[in-house]
Amino acid sequence: MIGQWCVFIAVLITMSGGNVVPPLTTHVLDTARGIPGGGINMVLLIQTGNGEFREIERGTTTNDGRGGFLSSSSLQAGAVYKLFFDTDCYFKSIGVKGFYPYVEVVFRIEDPSQHYHVPLLLSPYGYSTYRGS
């Protein structure tokens, strides 16, 4: 597990950095409240040759629930990545008890020239994800 860091200040590479969209983005929506999931701490990891995951970047979703990664590097073809979302801290910050202390979304990059969007639909007792556009 990545570990808890409820008090975490991050330099986040987000979609707010001008007209440049990072090659990997996310958007967290709190479906129980019908609003974006802002302030959620995230970690992006890549799987190494021995099957373990190595941290690449950390960040926090913006007030509108958005975040982006890898603006200074590129996605690797065939690589497996993991997005870790610290949902425990998020739910505690809004005074809600959640069932899932964190969510990990694991995915593979086939074509690094494409944009990858990995949204997270979140509620205290469930979540879903998909490859967005």
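Including glycine, each Cβ sits where the backbone N, Cα and C put it.
Features reported for this protein in TrEMBL:
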SIGNAL    1-18  signal peptide
DOMAIN    19-132  domain 'Transthyretin/hydroxyisourate hydrolase'
BINDING   His27, Arg66, Tyr130  substrate binding site
Sparsest Cβ surroundings (other CB atoms within 10 Å) among the binding-site residues His27, Arg66, Tyr130: Tyr130
Binding residues His27, Arg66, Tyr130 (substrate) - maximum C-alpha distance in whole Å: 15
Residues close to substrate site centre defined by His27, Arg66, Tyr130, Cβ within 8 Å: Thr25, Thr26, Val28, Leu29, Gly65, His117, Val118, Pro119, Leu120, Gly132
